[in-house]
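A.B. asks: Pulled these from TrEMBL:
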type	residues	note
TRANSMEM	72-92	transmembrane segment
DOMAIN	74-479	domain 'Major facilitator superfamily (MFS) profile'
TRANSMEM	112-132	transmembrane segment
TRANSMEM	162-182	transmembrane segment
TRANSMEM	239-259	transmembrane segment
TRANSMEM	297-315	transmembrane segment
TRANSMEM	335-354	transmembrane segment
TRANSMEM	366-382	transmembrane segment
TRANSMEM	388-408	transmembrane segment
TRANSMEM	428-448	transmembrane segment
TRANSMEM	454-474	transmembrane segment
Amino acid sequence: MSAQDYFCHGSMDGIWKAGDNGVCPAEDEKASLLENNHHLPLGESSDTLLPSAVDTAPLIPFMETKLYKRRWVMLFIFSAYSMSNGFMWLQYGIISNIFTRFYNTDTVAIDWLSMIYFLTYIPLILPVMWVLDKRGMRDVVVVGSALNCIGAWIKTSTANPSMFSMALLGQFVCSVATVYILSIPSKLASLWFGLQEVSTACSIGVLGNQMGIAIGFLIPPILVPNVDDINELAYHIRIMFYISAGVATLIFILVIIVFQEKPELPPTQAQAQARDIPPEQYSYTASILRLLCNKPFMLLVVSYGLNVGCFYAVSTLLNRMIIEHYPGEEVNAGRIGLTIVIAGMVGSLICGIWLDKTKTYKQTTLVVYLLSLIGMLVYAFTLNLGHLWVVFITGGILGFFMTGYLPLGFEYAVELTYPESEGTSSGLLNCSAQIFGIIFTIAQGKIIDAWGTLAGNIFLSVFLLIGTIMTGFIKSELRRQKANLQAEVQTQSPSPASPVHSYGATACSGPIQQES
């Protein structure tokens, strides 16, 4: 973790959080600690069973903190950059039947114009996370927005039936930019926002990408109508690419001029004291190993990948599913996609506000996951009824919970992996999502071709059921860790002068959380 990540991101259901280097008090106990000017130092750890750890902690003066109004500007610029990239992901997929005819290729080739985003992410995420920790957030955002701009301009030359290879190159460059985006929301929230708004800020950061996906569903079917004349079709495609390139260029200029790494004064005491920690104390390799050996987090990695992978598959193949049952409805296919994402944005925002108010990460994550499964089943069994208005409703329900889960996964990961870097945990979550996105998109596409959309959507529902069960196992594992901690504490008799050392000090131990 970077220096900024050694301290509390937030509390988890009113618990104490024990980590590799320290502990942070629960939300309802922070006020009393502040009033008495106590702070738990790095290298010491405690549990609610042992209040003497607080009583014996040395007094450390609190540092000056401040919330800057321009934090919202930073969040807006990042969201705009993420939105531009999300739009270009679905430029081809939502009108795949049109591009299949335009480039005279098969549907699998067009699907790869979207799936290239998933494939690129997997080998590049670890190097980019290293850059994020070593060079900082601004450098990562600048490089990502530059790649996004370059890829957009490459695609302006692909409005020709013989330029499919160049289109794939442009999508590849834009997909590399995605690697520089998806781990930023939780990092930006922790560096710029206060404790009571960090989950909301993370949700808004995720919403930027979702807004781009929503526009990607809506705009391409409008800008590129399904006309027979290839020259006219090329003209409409060229217009779409020039618009997206112009927007990407404007956002890149804003990033260069306005975007900042962090404020002059930190937003929280955690960030204030974290700035004094020497960066050489951090080992990136050791951090990755600790995360991979953290069983609750790895359960979340797989369950998050299953959920988001299903969303990626549905988004990529939505045009094919709608056209199969409602021929000629390319525009409505885009509108259904828009409905899915807009409903998901509302769900994301509500979940973020709910987490800021309640800190009920375990319960909220499990409930939303279960409702995603129910939404997927309802969507699967109503898609072929012959009524588009029904698909709009069921698609909205599916999007509300499935997309609403995205910021929940990020925030839950931060809680499970404290005090590791938010960018590292988010990167591993997204890596899992890309892997499952490729698998599910290819598999569901082949199932749809062979047995129809109902079988393809039931295929995804089975994996959502598995993910729901795994999410429940996370809570069970945390309960088991609590029992082990209590048993270990009972075998020791720490004196008031000897603070309890962290139980997360070994390379293969995750943070031990106490259940509420």
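Going from the start of the chain as shown, residues are counted 1 onward.
Glycine is no exception: its Cβ is also placed from the backbone N, Cα and C atoms.
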A.B. asks: What stretch, picked from 162-182, 297-315, 366-382, 388-408, has the most CB pairs under 8 A with the transmembrane segment (428-448)?
C.D. replies: 297-315
A.B. asks: Return the stretch with the most CB pairs under 8 A relative to the transmembrane segment (297-315), choosing among 72-92, 112-132, 366-382, 454-474.
C.D. replies: 454-474
A.B. asks: Are there at least 3 C-beta pairs under 8 angstroms linking the transmembrane segment (239-259) and the transmembrane segment (72-92), leaving out pairs fewer than 6 apart in sequence?
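C.D. replies: Per Cβ check, the transmembrane segment (72-92) touches the transmembrane segment (239-259).
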A.B. asks: Below 8 Å between Cβ atoms, which of the listed ranges 239-259, 366-382, 388-408 makes the most pairs with the transmembrane segment (454-474)?
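C.D. replies: Checked against 239-259, 366-382, 388-408; highest Cβ contact count belongs to 366-382.
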A.B. asks: Can you tell me which parts of the same chain pack against the transmembrane segment (388-408), counting only residues 6+ beyond its ends and a CB-CB cutoff under 8 A?
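C.D. replies: Distal contacts: 185, 199, 202-203, 206, 210, 304, 307-308, 310-311, 314, 322, 326, 329, 332, 335-337, 339-348, 350-352, 355, 361, 364-365, 368-369, 371-372, 374-376, 378-379, 382.
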A.B. asks: Which sequence-distant residues neighbour the transmembrane segment (239-259)? Criterion: at least 6 residues beyond either end, Cβ under 8 Å.
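C.D. replies: Result: 73-74, 77-78, 80-81, 84, 87-88, 91, 138, 141-142, 145-146, 148-149, 151-153, 155-156, 158-159, 219-220, 223-224.
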A.B. asks: Report the mean pLDDT of the predicted model across the domain 'Major facilitator superfamily (MFS) profile' (74-479), rounded to a whole number.
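C.D. replies: When the pLDDT values over the domain 'Major facilitator superfamily (MFS) profile' (74-479) are averaged, the result is 87.
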